[in-house]
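Step one of this worksheet: look at the structure below.
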Amino acid sequence: MSCNYAEGLSDYKHKGVLGVPEVFDDEEAINEKCDQLAKWIQGSKHVVVHTGAGISTSAGIPDFRGPNGVWTLEKRGEKPTVNVAFDEAIPTATHMGLKALVEAGHIKYVVSQNIDGLHMRSGLQRKNLAELHGNMFIEQCLKCRRQYVRATPAPTVGKKLTGDVCRGTKNSRACRGGNLIDNILDWEHDLPESDLDLSFMHSTLADLNICLGTTLQIVPSGNLPLRNKRYGGRLVICNLQPTKHDKKADLIISTYVDTILQKVAKKLGVEIPAYTPDLDPTKEKPTTSLEWTIPTDEVKALDKIYAKTVKELAKTKKKTASSARDEKEEFKFKAKKLKKDTSGEGVASQNGSARLKNLLRESSVVNKSGRGKKVQIEFNVYYC
């Protein structure tokens with residue numbers, strides 16, 4: 001069952017603020033705010049959506065810090081009563097709505113902290129999705145680094161051997177001697193480089209960042225939505241609990257994310273389709289020929305756009321190219337120092353974690369030339 005998958009992960013005590021009461025806007029406020037959000041989406045050129053565990057609760061997968069979240073209940077010595085297996089859960093109205101809005105051209109990119117694979121199973125294409133913490137339905141070759149779709153959830157978590165070998169695809173051969181591992185991060189693992197690079201660049205280029213179902217306590221992913229604020233972009237937060245970035249948001253909507261997506265899609269004239277197994281890569285037979293790797297060319301192409309756009313934006317902000325480089329170098333220096341200070345401790349100490357959060361806050365998360373490799377991260381996983 002889905003909440004048992006993290007038993008193989010390292011123990012970690014510092015899980016943030018838990019069990020904060022949920023807040024609901026009244027119906028009139030919800031309608032007004034959804035109308036405003038739809039107008040902003042319609043008037044934006046580069047919309048990026050950041051998703052957390054809250055978008056999967058209606059699929060039967062528990063969140064973590066909610067009143068009945070996994071970690072909230074764990075602190076009380078309890079376990080979630082909701083117990084849906086990953087392969088039995090199906091994409092929600094939010095997952096299907098995001099797919100529809102991407103296909104309609106309203107949303108450019110989705111950055112997800114979730115490992116449940118529901119974005120992929122909704123039919124959302126890899127070119128429109130970053131999975132910062134992994135995907136239960138993906139395994140990766142240790143040798144060639146290619147990723148492959150599984151028909152069932154991986155039997156392991158924490159980048160362990162699954163027992164399979166590199167498969168290859170219809171258009172490329174399998175590499176020799178390549179063993180496959182799951183791609184679910186444990187606490188000490190680096191974020192996947194290509195996913196992080198694309199997330200960072202898209203979040204910076206966005207004129208509108210929208211957060212759905214996340215308290216934004218996870219770093220560095222929780223700080224990515226702030227990247228566009230320095231260049232005049234907007235931030236919208238849709239969550240039932242308060243978040244650490246509420247004061248920086250241009251709009252906050254407090255209700256179920258499924259309700260928000262349904263109302264916004266209707267205002268934009270986009271129909272949300274029902275989930276169909278025909279578009280679910282895990283249901284294709286055979287799945288052995290399906291690859292989920294991010295092409296290097298996609299990262300390079302966006303990198304060129306990013307460099308050019310940020311340079312132009314920096315000019316409008318009277319920020320020189322040299323000062324931008326200095327900022328990147330400063331971040332790299334601090335990240336390396338933090339790594340040195342916390343090395344040998346396994347999971348970073350509470351003080352080290354707090355210092356990293358301050359560092360990320362000062363440097364606005366990682367950047368293209370300083371990805372913050374090996375610095376301590378936090379991420380969401382589903383477990384009891």
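Glycine is treated like the rest: Cβ placed from N, Cα and C.
Bear in mind that TrEMBL entries carry predicted annotations, made automatically and left uncurated.
Feature annotation from TrEMBL assigns active site, proton acceptor to His133. Annotation source TrEMBL lists Zn(2+) binding site at Cys141, Cys144, Cys166, Cys175. Summarising the annotation, TrEMBL assigns domain 'Deacetylase sirtuin-type' to 27-271.
Listed in sequence order, Cys141, Lys143, Cys144, Arg146, Ala174, Cys175, Gly178, Asn179, Leu180 are the same-chain residues six or more apart from Cys166 (Zn(2+) binding site) with CB atoms under 8 A from its CB. When the binding-site residues Cys141, Cys144, Cys175 are scored by other C-beta atoms within 10 Å, Cys141 scores highest. Counting every protein chain shown, the number of other Cβ atoms lying within 10 Å of the Cβ of His133 (active site, proton acceptor) is 22. The Cβ centroid of Cys141, Cys144, Cys166, Cys175 marks the Zn(2+) site; residues of that chain outside this set whose Cβ lies within 8 Å of it are Leu142, Lys143, Arg145, Arg146, Gly168, Ala174, Gly178, given in sequence order.
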